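Down below is the structure, laid out as C-alpha coordinates.
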Ligand SMILES: NC(=O)C1=CN([C@@H]2O[C@H](COP(=O)(O)OP(=O)(O)OC[C@H]3O[C@@H](n4cnc5c(N)ncnc54)[C@H](O)[C@@H]3O)[C@@H](O)[C@H]2O)[C@@H](O)CC1
Ligand SMILES: [K+]
(Lines of atoms letter the chains of each structure in order from A and count residues from 1; the text may use other names and numbers.)
(Lines give C-alpha, C1' and ligand atoms only; values in the text may rest on other atoms or scores of the structure.)
(Ligands and ions follow the chains in the order given, each with its own letter.)
Protein backbone atom coordinates (compact mmCIF):
# COMPACT_ATOMS: atom_id res chain seq x y z
CA UNK A 1 0.00 0.00 0.00
CA UNK A 2 1.32 3.47 -0.82
CA UNK A 3 0.26 6.82 0.61
CA UNK A 4 -1.70 9.31 -1.48
CA UNK A 5 -2.28 13.04 -0.77
CA UNK A 6 -4.74 15.67 -1.96
CA UNK A 7 -1.80 18.07 -2.34
CA UNK A 8 1.93 17.98 -1.61
CA UNK A 9 2.65 21.72 -1.31
CA UNK A 10 2.50 21.39 2.48
CA UNK A 11 4.97 18.46 2.33
CA UNK A 12 7.42 20.58 0.27
CA UNK A 13 7.01 23.38 2.84
CA UNK A 14 7.78 20.95 5.64
CA UNK A 15 11.05 20.03 3.88
CA UNK A 16 12.08 23.68 3.80
CA UNK A 17 11.04 24.47 7.37
CA UNK A 18 11.94 21.29 9.24
CA UNK A 19 14.85 19.90 7.24
CA UNK A 20 16.37 23.13 5.90
CA UNK A 21 16.15 21.87 2.32
CA UNK A 22 15.90 24.50 -0.41
CA UNK A 23 13.55 24.77 -3.38
CA UNK A 24 16.62 24.48 -5.61
CA UNK A 25 17.61 21.19 -3.98
CA UNK A 26 14.12 19.72 -4.34
CA UNK A 27 13.99 20.79 -7.95
CA UNK A 28 17.39 19.25 -8.68
CA UNK A 29 16.08 15.92 -7.41
CA UNK A 30 12.93 16.32 -9.53
CA UNK A 31 15.14 16.79 -12.61
CA UNK A 32 17.40 13.88 -11.63
CA UNK A 33 14.37 11.58 -11.42
CA UNK A 34 13.30 12.65 -14.91
CA UNK A 35 16.85 12.05 -16.14
CA UNK A 36 16.85 8.54 -14.63
CA UNK A 37 13.63 7.72 -16.46
CA UNK A 38 15.38 8.54 -19.75
CA UNK A 39 18.84 7.03 -19.14
CA UNK A 40 17.44 3.69 -17.94
CA UNK A 41 15.80 3.01 -21.30
CA UNK A 42 17.32 5.23 -23.98
CA UNK A 43 20.84 5.16 -25.44
CA UNK A 44 23.07 8.18 -25.44
CA UNK A 45 22.48 10.58 -28.32
CA UNK A 46 18.73 9.81 -28.43
CA UNK A 47 16.80 12.98 -29.17
CA UNK A 48 14.79 14.54 -26.31
CA UNK A 49 12.23 17.30 -26.80
CA UNK A 50 11.54 19.17 -23.55
CA UNK A 51 8.58 21.56 -23.56
CA UNK A 52 8.74 23.94 -20.61
CA UNK A 53 6.08 26.31 -19.32
CA UNK A 54 6.48 29.52 -17.34
CA UNK A 55 6.29 28.08 -13.81
CA UNK A 56 8.25 25.61 -11.69
CA UNK A 57 7.01 22.64 -13.71
CA UNK A 58 8.78 24.26 -16.63
CA UNK A 59 11.79 24.87 -14.39
CA UNK A 60 12.04 21.11 -13.69
CA UNK A 61 12.20 20.55 -17.46
CA UNK A 62 14.86 23.22 -17.99
CA UNK A 63 16.98 21.67 -15.21
CA UNK A 64 16.60 18.33 -17.00
CA UNK A 65 17.87 19.90 -20.23
CA UNK A 66 21.04 20.92 -18.36
CA UNK A 67 21.49 17.40 -16.94
CA UNK A 68 21.13 15.75 -20.36
CA UNK A 69 23.17 18.31 -22.30
CA UNK A 70 26.08 16.80 -24.26
CA UNK A 71 25.01 13.18 -23.69
CA UNK A 72 21.59 13.38 -25.31
CA UNK A 73 20.43 15.45 -28.25
CA UNK A 74 18.42 17.96 -26.20
CA UNK A 75 15.88 20.29 -27.78
CA UNK A 76 14.37 22.76 -25.32
CA UNK A 77 11.17 24.53 -26.35
CA UNK A 78 9.85 27.39 -24.18
CA UNK A 79 6.68 28.77 -25.75
CA UNK A 80 5.81 31.47 -23.18
CA UNK A 81 7.68 34.12 -21.24
CA UNK A 82 9.05 32.60 -18.03
CA UNK A 83 7.39 33.80 -14.84
CA UNK A 84 8.83 31.87 -11.90
CA UNK A 85 12.23 32.98 -10.51
CA UNK A 86 13.39 29.33 -10.45
CA UNK A 87 12.53 28.86 -14.14
CA UNK A 88 14.54 32.00 -14.97
CA UNK A 89 17.49 30.75 -12.90
CA UNK A 90 17.37 27.30 -14.51
CA UNK A 91 17.32 28.87 -17.97
CA UNK A 92 20.31 31.08 -17.13
CA UNK A 93 22.23 27.98 -15.97
CA UNK A 94 21.27 25.98 -19.06
CA UNK A 95 22.20 28.80 -21.43
CA UNK A 96 25.57 29.36 -19.74
CA UNK A 97 26.33 25.73 -20.59
CA UNK A 98 25.27 26.22 -24.17
CA UNK A 99 21.81 24.62 -24.27
CA UNK A 100 20.02 26.08 -27.27
CA UNK A 101 16.33 26.84 -27.48
CA UNK A 102 14.36 25.69 -30.50
CA UNK A 103 11.67 27.83 -32.11
CA UNK A 104 9.23 25.16 -33.17
CA UNK A 105 8.22 21.70 -32.03
CA UNK A 106 10.10 18.73 -33.50
CA UNK A 107 9.30 15.05 -33.13
CA UNK A 108 12.01 13.32 -31.05
CA UNK A 109 12.65 9.87 -29.57
CA UNK A 110 11.46 11.18 -26.22
CA UNK A 111 9.09 14.02 -25.30
CA UNK A 112 9.06 15.55 -21.83
CA UNK A 113 5.94 17.54 -20.96
CA UNK A 114 6.82 20.18 -18.37
CA UNK A 115 4.34 22.76 -19.61
CA UNK A 116 2.05 22.90 -16.55
CA UNK A 117 2.08 20.93 -13.34
CA UNK A 118 0.30 21.38 -10.04
CA UNK A 119 -0.07 25.12 -10.74
CA UNK A 120 -2.55 24.70 -13.63
CA UNK A 121 -5.51 26.95 -12.83
CA UNK A 122 -7.73 27.81 -15.73
CA UNK A 123 -8.55 26.07 -19.02
CA UNK A 124 -5.51 25.66 -21.24
CA UNK A 125 -5.34 28.56 -23.67
CA UNK A 126 -5.41 27.90 -27.40
CA UNK A 127 -1.64 27.99 -27.82
CA UNK A 128 -1.15 25.40 -25.06
CA UNK A 129 -3.88 23.20 -26.48
CA UNK A 130 -2.18 23.28 -29.88
CA UNK A 131 1.14 22.28 -28.31
CA UNK A 132 -0.40 19.35 -26.43
CA UNK A 133 -2.27 18.23 -29.55
CA UNK A 134 1.00 18.22 -31.50
CA UNK A 135 2.90 16.36 -28.77
CA UNK A 136 0.13 13.76 -28.56
CA UNK A 137 0.39 13.19 -32.30
CA UNK A 138 4.07 12.22 -32.01
CA UNK A 139 5.17 8.62 -31.90
CA UNK A 140 7.73 9.48 -29.20
CA UNK A 141 8.06 7.95 -25.74
CA UNK A 142 6.15 10.46 -23.62
CA UNK A 143 7.14 11.49 -20.12
CA UNK A 144 4.98 13.83 -18.01
CA UNK A 145 6.74 15.91 -15.38
CA UNK A 146 4.72 15.68 -12.13
CA UNK A 147 1.32 15.39 -13.86
CA UNK A 148 0.29 15.37 -17.53
CA UNK A 149 -0.45 18.94 -18.65
CA UNK A 150 -4.18 19.52 -18.79
CA UNK A 151 -5.11 17.52 -15.69
CA UNK A 152 -6.01 19.94 -12.90
CA UNK A 153 -5.51 19.50 -9.14
CA UNK A 154 -8.88 17.73 -8.87
CA UNK A 155 -7.90 15.26 -11.57
CA UNK A 156 -10.28 16.81 -14.08
CA UNK A 157 -9.57 17.71 -17.72
CA UNK A 158 -11.41 20.74 -19.08
CA UNK A 159 -10.02 20.84 -22.62
CA UNK A 160 -7.42 18.17 -23.40
CA UNK A 161 -4.38 16.60 -21.77
CA UNK A 162 -0.99 15.10 -22.55
CA UNK A 163 -1.05 11.33 -23.10
CA UNK A 164 1.93 10.10 -21.05
CA UNK A 165 3.60 6.71 -21.19
CA UNK A 166 5.04 7.49 -17.78
CA UNK A 167 4.38 10.22 -15.23
CA UNK A 168 7.28 11.07 -12.94
CA UNK A 169 5.42 12.63 -10.05
CA UNK A 170 7.28 14.75 -7.53
CA UNK A 171 7.56 13.80 -3.85
CA UNK A 172 4.45 11.65 -3.38
CA UNK A 173 1.33 10.33 -5.09
CA UNK A 174 -1.57 12.76 -5.53
CA UNK A 175 -5.32 12.06 -5.81
CA UNK A 176 -5.42 13.99 -9.11
CA UNK A 177 -3.54 11.09 -10.75
CA UNK A 178 -6.19 8.57 -9.71
CA UNK A 179 -9.48 9.95 -10.98
CA UNK A 180 -11.30 7.95 -13.64
CA UNK A 181 -10.71 10.83 -16.07
CA UNK A 182 -6.94 10.80 -15.51
CA UNK A 183 -6.61 7.04 -15.95
CA UNK A 184 -6.08 7.10 -19.73
CA UNK A 185 -3.46 9.88 -19.53
CA UNK A 186 -1.05 9.16 -16.67
CA UNK A 187 0.57 5.94 -17.94
CA UNK A 188 2.89 4.26 -15.45
CA UNK A 189 3.35 6.41 -12.34
CA UNK A 190 6.81 6.79 -10.82
CA UNK A 191 7.41 8.79 -7.63
CA UNK A 192 10.55 10.97 -7.47
CA UNK A 193 12.28 11.37 -4.12
CA UNK A 194 12.96 15.06 -3.55
CA UNK A 195 16.18 14.93 -1.52
CA UNK A 196 14.88 12.72 1.29
CA UNK A 197 13.37 9.24 1.25
CA UNK A 198 9.62 9.03 0.85
CA UNK A 199 9.06 7.90 4.43
CA UNK A 200 10.67 11.16 5.58
CA UNK A 201 8.87 13.36 3.03
CA UNK A 202 5.47 11.83 3.66
CA UNK A 203 3.21 12.47 6.66
CA UNK A 204 0.15 10.59 7.97
CA UNK A 205 -2.65 10.25 5.46
CA UNK A 206 -6.02 8.51 5.15
CA UNK A 207 -5.66 7.85 1.42
CA UNK A 208 -3.94 4.76 0.07
CA UNK A 209 -3.06 3.15 -3.26
CA UNK A 210 -3.60 -0.60 -3.20
CA UNK A 211 -0.90 -2.93 -4.50
CA UNK A 212 -0.95 -6.59 -5.57
CA UNK A 213 0.47 -7.58 -2.16
CA UNK A 214 -2.68 -6.22 -0.50
CA UNK A 215 -4.70 -9.05 -2.04
CA UNK A 216 -5.25 -11.68 0.65
CA UNK A 217 -6.61 -14.81 -1.03
CA UNK A 218 -8.77 -17.17 1.06
CA UNK A 219 -6.16 -19.94 0.79
CA UNK A 220 -6.83 -22.88 3.08
CA UNK A 221 -4.05 -23.57 5.53
CA UNK A 222 -6.05 -25.86 7.85
CA UNK A 223 -5.90 -29.60 7.15
CA UNK A 224 -8.60 -30.50 9.65
CA UNK A 225 -11.46 -28.74 7.88
CA UNK A 226 -14.93 -29.38 6.46
CA UNK A 227 -17.27 -27.35 4.28
CA UNK A 228 -18.75 -25.57 7.30
CA UNK A 229 -15.30 -24.19 8.12
CA UNK A 230 -15.56 -21.91 5.09
CA UNK A 231 -18.95 -20.37 5.70
CA UNK A 232 -22.33 -20.41 4.04
CA UNK A 233 -23.35 -17.52 1.80
CA UNK A 234 -27.00 -16.84 1.04
CA UNK A 235 -27.63 -14.91 -2.18
CA UNK A 236 -31.06 -13.34 -2.51
CA UNK A 237 -32.34 -13.89 -6.05
CA UNK A 238 -34.54 -11.18 -7.50
CA UNK A 239 -36.80 -10.91 -10.51
CA UNK A 240 -33.75 -10.72 -12.82
CA UNK A 241 -32.57 -14.13 -11.69
CA UNK A 242 -29.34 -14.34 -13.68
CA UNK A 243 -27.57 -11.68 -11.62
CA UNK A 244 -27.92 -13.58 -8.36
CA UNK A 245 -26.94 -16.86 -10.00
CA UNK A 246 -23.74 -15.28 -11.39
CA UNK A 247 -22.94 -13.93 -7.89
CA UNK A 248 -23.59 -17.35 -6.32
CA UNK A 249 -21.28 -19.13 -8.79
CA UNK A 250 -18.53 -16.54 -8.24
CA UNK A 251 -18.85 -16.94 -4.47
CA UNK A 252 -18.48 -20.71 -4.68
CA UNK A 253 -15.41 -20.37 -6.92
CA UNK A 254 -13.81 -17.98 -4.41
CA UNK A 255 -13.92 -20.38 -1.51
CA UNK A 256 -17.26 -20.19 0.32
CA UNK A 257 -17.90 -23.70 1.72
CA UNK A 258 -21.60 -23.54 0.92
CA UNK A 259 -23.67 -21.23 -1.23
CA UNK A 260 -27.47 -21.14 -1.32
CA UNK A 261 -29.80 -18.87 -3.22
CA UNK A 262 -32.97 -17.59 -1.60
CA UNK A 263 -35.62 -17.82 -4.29
CA UNK A 264 -39.33 -18.60 -4.33
CA UNK A 265 -39.49 -19.57 -7.96
CA UNK A 266 -37.86 -22.26 -9.99
CA UNK A 267 -34.30 -21.29 -10.91
CA UNK A 268 -31.72 -23.07 -13.01
CA UNK A 269 -28.73 -23.77 -10.76
CA UNK A 270 -25.60 -25.91 -10.96
CA UNK A 271 -25.86 -28.95 -8.64
CA UNK A 272 -23.42 -27.56 -6.07
CA UNK A 273 -25.55 -24.49 -5.37
CA UNK A 274 -28.60 -25.03 -3.17
CA UNK A 275 -31.97 -23.31 -3.18
CA UNK A 276 -33.86 -22.20 -0.08
CA UNK A 277 -36.87 -20.00 0.76
CA UNK A 278 -35.52 -18.41 3.94
CA UNK A 279 -32.14 -17.56 5.43
CA UNK A 280 -30.27 -20.82 6.08
CA UNK A 281 -29.76 -21.71 9.74
CA UNK A 282 -25.98 -21.87 9.37
CA UNK A 283 -25.79 -18.83 7.06
CA UNK A 284 -22.67 -16.73 7.74
CA UNK A 285 -23.18 -13.92 5.22
CA UNK A 286 -25.78 -12.48 2.86
CA UNK A 287 -25.57 -10.97 -0.63
CA UNK A 288 -28.55 -9.06 -1.96
CA UNK A 289 -29.64 -6.39 -4.38
CA UNK A 290 -28.19 -7.79 -7.62
CA UNK A 291 -31.06 -8.19 -10.11
CA UNK A 292 -33.57 -7.65 -7.31
CA UNK A 293 -36.25 -5.86 -9.39
CA UNK A 294 -39.68 -6.10 -7.81
CA UNK A 295 -39.44 -7.39 -4.26
CA UNK A 296 -41.43 -8.33 -1.17
CA UNK A 297 -40.82 -5.41 1.21
CA UNK A 298 -41.38 -7.39 4.41
CA UNK A 299 -38.93 -10.11 3.35
CA UNK A 300 -36.18 -7.66 2.34
CA UNK A 301 -36.75 -5.62 5.51
CA UNK A 302 -36.20 -8.77 7.60
CA UNK A 303 -33.03 -9.63 5.72
CA UNK A 304 -31.67 -6.08 6.03
CA UNK A 305 -32.26 -6.22 9.78
CA UNK A 306 -30.15 -9.36 10.14
CA UNK A 307 -26.93 -9.09 12.12
CA UNK A 308 -25.08 -11.25 9.60
CA UNK A 309 -22.34 -9.66 7.44
CA UNK A 310 -24.04 -8.35 4.31
CA UNK A 311 -23.11 -7.08 0.88
CA UNK A 312 -25.68 -4.93 -0.90
CA UNK A 313 -25.60 -4.17 -4.61
CA UNK A 314 -27.56 -2.68 -7.50
CA UNK A 315 -31.31 -2.11 -7.31
CA UNK A 316 -31.47 -1.52 -3.55
CA UNK A 317 -29.49 1.73 -3.87
CA UNK A 318 -32.63 3.33 -5.29
CA UNK A 319 -34.83 2.28 -2.36
CA UNK A 320 -35.49 4.01 0.98
CA UNK A 321 -35.50 0.61 2.64
CA UNK A 322 -31.69 0.45 2.35
CA UNK A 323 -31.39 2.98 5.20
CA UNK A 324 -32.24 0.15 7.64
CA UNK A 325 -28.80 -1.31 6.99
CA UNK A 326 -26.65 1.82 7.00
CA UNK A 327 -25.89 1.95 10.71
CA UNK A 328 -24.11 -1.45 10.41
CA UNK A 329 -20.84 -2.61 8.85
CA UNK A 330 -22.48 -3.56 5.54
CA UNK A 331 -20.55 -3.51 2.25
CA UNK A 332 -22.16 -1.44 -0.52
CA UNK A 333 -20.95 -1.82 -4.12
CA UNK A 334 -22.61 0.87 -6.25
CA UNK A 335 -21.53 2.02 -9.70
CA UNK A 336 -21.57 5.82 -10.22
CA UNK A 337 -25.24 6.05 -11.24
CA UNK A 338 -26.31 3.90 -8.31
CA UNK A 339 -24.16 5.95 -5.93
CA UNK A 340 -25.88 9.15 -7.14
CA UNK A 341 -29.23 7.49 -6.36
CA UNK A 342 -27.95 6.43 -2.92
CA UNK A 343 -26.72 9.97 -2.13
CA UNK A 344 -30.20 11.16 -3.01
CA UNK A 345 -31.98 8.50 -0.93
CA UNK A 346 -29.74 9.45 2.01
CA UNK A 347 -30.50 13.15 1.47
CA UNK A 348 -26.82 13.93 1.04
CA UNK A 349 -26.78 15.26 -2.52
CA UNK A 350 -28.92 15.47 -5.61
CA UNK A 351 -26.32 15.14 -8.35
CA UNK A 352 -25.77 13.61 -11.77
CA UNK A 353 -23.03 11.13 -12.68
CA UNK A 354 -20.92 13.86 -14.35
CA UNK A 355 -20.68 15.84 -11.12
CA UNK A 356 -19.89 12.68 -9.13
CA UNK A 357 -17.14 11.65 -11.53
CA UNK A 358 -15.50 15.08 -11.20
CA UNK A 359 -15.51 14.77 -7.41
CA UNK A 360 -15.43 11.07 -6.53
CA UNK A 361 -13.24 11.49 -3.46
CA UNK A 362 -15.40 14.34 -2.12
CA UNK A 363 -18.71 12.46 -2.33
CA UNK A 364 -17.21 9.24 -0.96
CA UNK A 365 -15.89 11.24 2.02
CA UNK A 366 -19.27 12.90 2.47
CA UNK A 367 -21.09 9.57 2.53
CA UNK A 368 -18.63 7.90 4.90
CA UNK A 369 -18.82 10.82 7.31
CA UNK A 370 -22.57 10.24 7.68
CA UNK A 371 -22.31 6.43 7.76
CA UNK A 372 -18.88 5.67 9.30
CA UNK A 373 -19.55 1.95 9.80
CA UNK A 374 -20.49 1.24 6.18
CA UNK A 375 -17.83 -0.02 3.77
CA UNK A 376 -18.44 1.75 0.48
CA UNK A 377 -16.98 0.36 -2.74
CA UNK A 378 -17.57 2.87 -5.52
CA UNK A 379 -17.02 1.21 -8.88
CA UNK A 380 -15.29 2.99 -11.74
CA UNK A 381 -12.14 2.88 -13.85
CA UNK A 382 -10.34 3.26 -10.52
CA UNK A 383 -12.36 1.73 -7.69
CA UNK A 384 -12.58 3.61 -4.37
CA UNK A 385 -13.08 1.55 -1.23
CA UNK A 386 -13.81 3.58 1.88
CA UNK A 387 -14.76 3.25 5.50
CA UNK A 388 -14.95 6.07 8.03
CA UNK A 389 -12.05 8.39 7.14
CA UNK A 390 -9.97 5.99 5.07
CA UNK A 391 -10.08 5.66 1.28
CA UNK A 392 -8.25 2.93 -0.69
CA UNK A 393 -7.79 3.17 -4.47
CA UNK A 394 -7.70 0.09 -6.69
CA UNK A 395 -6.23 0.98 -10.10
CA UNK A 396 -5.93 -2.59 -11.46
CA UNK A 397 -9.30 -2.54 -13.24
CA UNK A 398 -9.52 -2.28 -17.02
CA UNK A 399 -12.06 -2.03 -19.83
CA UNK A 400 -12.08 -5.87 -19.99
CA UNK A 401 -14.52 -5.65 -17.07
CA UNK A 402 -16.95 -3.26 -18.78
CA UNK A 403 -19.59 -5.92 -19.30
CA UNK A 404 -22.95 -6.88 -17.82
CA UNK A 405 -22.39 -9.44 -15.09
CA UNK A 406 -18.95 -8.21 -13.95
CA UNK A 407 -20.55 -6.37 -11.03
CA UNK A 408 -22.52 -9.48 -10.03
CA UNK A 409 -19.26 -11.45 -9.94
CA UNK A 410 -17.77 -8.78 -7.66
CA UNK A 411 -20.81 -8.96 -5.35
CA UNK A 412 -20.34 -12.73 -5.15
CA UNK A 413 -16.62 -12.40 -4.38
CA UNK A 414 -17.26 -9.93 -1.55
CA UNK A 415 -20.03 -12.17 -0.19
CA UNK A 416 -17.76 -15.19 -0.36
CA UNK A 417 -15.06 -13.53 1.75
CA UNK A 418 -17.64 -12.21 4.23
CA UNK A 419 -18.99 -15.75 4.58
CA UNK A 420 -15.46 -16.99 5.22
CA UNK A 421 -14.99 -14.55 8.09
CA UNK A 422 -13.12 -11.61 6.51
CA UNK A 423 -13.85 -8.25 8.14
CA UNK A 424 -16.06 -6.16 5.80
CA UNK A 425 -13.30 -3.70 4.81
CA UNK A 426 -10.81 -6.54 4.18
CA UNK A 427 -13.42 -8.46 2.18
CA UNK A 428 -14.12 -5.43 -0.02
CA UNK A 429 -10.42 -4.75 -0.62
CA UNK A 430 -9.41 -8.33 -1.42
CA UNK A 431 -12.50 -9.04 -3.54
CA UNK A 432 -11.97 -5.85 -5.53
CA UNK A 433 -8.30 -6.66 -6.12
CA UNK A 434 -9.05 -10.29 -7.03
CA UNK A 435 -11.74 -9.13 -9.48
CA UNK A 436 -9.48 -6.57 -11.23
CA UNK A 437 -6.28 -8.64 -11.24
CA UNK A 438 -8.14 -11.72 -12.49
CA UNK A 439 -9.51 -9.64 -15.39
CA UNK A 440 -6.04 -8.32 -16.20
CA UNK A 441 -4.75 -11.92 -16.39
CA UNK A 442 -7.38 -12.81 -19.00
CA UNK A 443 -5.50 -13.72 -22.18
CA UNK A 444 -8.16 -13.50 -24.90
CA UNK A 445 -9.33 -10.28 -26.63
CA UNK A 446 -10.21 -7.51 -24.23
CA UNK A 447 -13.77 -7.35 -25.56
CA UNK A 448 -14.65 -11.00 -25.06
CA UNK A 449 -14.78 -11.68 -21.31
CA UNK A 450 -17.97 -13.22 -19.89
CA UNK A 451 -18.68 -13.69 -16.18
CA UNK A 452 -17.69 -17.37 -16.18
CA UNK A 453 -14.28 -16.44 -17.72
CA UNK A 454 -13.77 -14.00 -14.90
CA UNK A 455 -14.58 -16.62 -12.27
CA UNK A 456 -12.14 -19.03 -13.98
CA UNK A 457 -9.40 -16.37 -13.73
CA UNK A 458 -10.23 -15.78 -10.06
CA UNK A 459 -9.70 -19.51 -9.49
CA UNK A 460 -6.21 -19.25 -11.03
CA UNK A 461 -4.98 -16.32 -8.87
N1 LIG B 1 8.72 23.04 -3.94
C2 LIG B 1 8.22 23.18 -5.10
O3 LIG B 1 7.43 24.08 -5.31
C4 LIG B 1 8.56 22.20 -6.13
C5 LIG B 1 7.89 22.28 -7.35
N6 LIG B 1 8.15 21.41 -8.33
C7 LIG B 1 7.49 21.56 -9.62
O8 LIG B 1 6.75 22.74 -9.68
C9 LIG B 1 5.45 22.50 -10.19
C10 LIG B 1 4.52 23.52 -9.67
O11 LIG B 1 5.02 24.77 -10.08
P12 LIG B 1 4.13 26.08 -10.14
O13 LIG B 1 3.39 26.22 -8.88
O14 LIG B 1 5.02 27.17 -10.56
O15 LIG B 1 3.05 25.73 -11.25
P16 LIG B 1 3.16 25.38 -12.81
O17 LIG B 1 4.53 25.32 -13.28
O18 LIG B 1 2.30 24.21 -13.02
O19 LIG B 1 2.42 26.62 -13.53
C20 LIG B 1 2.13 27.80 -12.87
C21 LIG B 1 2.21 28.99 -13.82
O22 LIG B 1 1.35 28.82 -14.91
C23 LIG B 1 0.38 29.86 -14.94
N24 LIG B 1 -0.87 29.22 -15.35
C25 LIG B 1 -1.63 28.35 -14.64
N26 LIG B 1 -2.66 27.89 -15.37
C27 LIG B 1 -2.54 28.46 -16.59
C28 LIG B 1 -3.31 28.40 -17.78
N29 LIG B 1 -4.39 27.62 -17.89
N30 LIG B 1 -2.91 29.09 -18.85
C31 LIG B 1 -1.80 29.87 -18.78
N32 LIG B 1 -1.06 30.02 -17.67
C33 LIG B 1 -1.42 29.31 -16.59
C34 LIG B 1 0.36 30.45 -13.56
O35 LIG B 1 -0.04 31.80 -13.61
C36 LIG B 1 1.81 30.27 -13.14
O37 LIG B 1 2.61 31.30 -13.64
C38 LIG B 1 5.16 21.08 -9.79
O39 LIG B 1 4.19 20.52 -10.66
C40 LIG B 1 6.52 20.43 -9.90
O41 LIG B 1 6.74 19.98 -11.23
C42 LIG B 1 9.27 20.47 -8.23
O43 LIG B 1 10.35 21.13 -8.78
C44 LIG B 1 9.57 20.06 -6.84
C45 LIG B 1 9.61 21.20 -5.88
K1 LIG C 1 3.46 18.44 -16.88
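Cβ atoms here come from the backbone N, Cα and C positions, even for glycine.
Bear in mind that TrEMBL entries carry predicted annotations, made automatically and left uncurated.
Residues annotated as (6S)-NADPHX binding site in TrEMBL: 56-60, 117-123, 146, 243, 291, 335, 408. Neighbour count (other Cβ atoms within 10 Å of the Cβ, all protein chains): 20 for residue 118 ((6S)-NADPHX binding site).
The K(+) binding site annotation in TrEMBL covers 57, 113, 149. In the three-state DSSP scheme, residue 57 (K(+) binding site) falls into the helix class.
Residues or ranges marked as AMP binding site in TrEMBL: 407. Residue 407 (AMP binding site) counts 23 other C-beta atoms within 10 Å of its own C-beta, drawing on all protein chains shown.
According to TrEMBL, the feature domain 'YjeF N-terminal' maps to 8-202.
On the 0 to 100 pLDDT scale, the domain 'YjeF C-terminal' (210-461) averages 95 in the predicted structure. Residues or ranges marked as domain 'YjeF C-terminal' in TrEMBL: 210-461.
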Quiz item: For K(+), what surrounds 57, 113, 149 with a Cβ no more than 8 Å from their Cβ centroid?
Solution: 51, 53, 58, 61, 114, 115, 116, 117, 144, 145, 146, 147, 148, 162
Quiz item: Between residue 121 ((6S)-NADPHX binding site) and residue 149 (K(+) binding site), what C-alpha distance do you get in Å?
Solution: 11
Quiz item: How many Å lie between the Cα of residue 118 ((6S)-NADPHX binding site) and the Cα of residue 57 (K(+) binding site)?
Solution: 8
Quiz item: Among 57, 113, 335, which binding-site residues lie by ligand 2, judged by Cβ under 6 Å to any atom?
Solution: 57, 113
Self-check item: Distance check against residue 146 ((6S)-NADPHX binding site) for the binding-site residues 57, 113, 407, keeping those with Cα within 10 Å
Solution: 57, 113
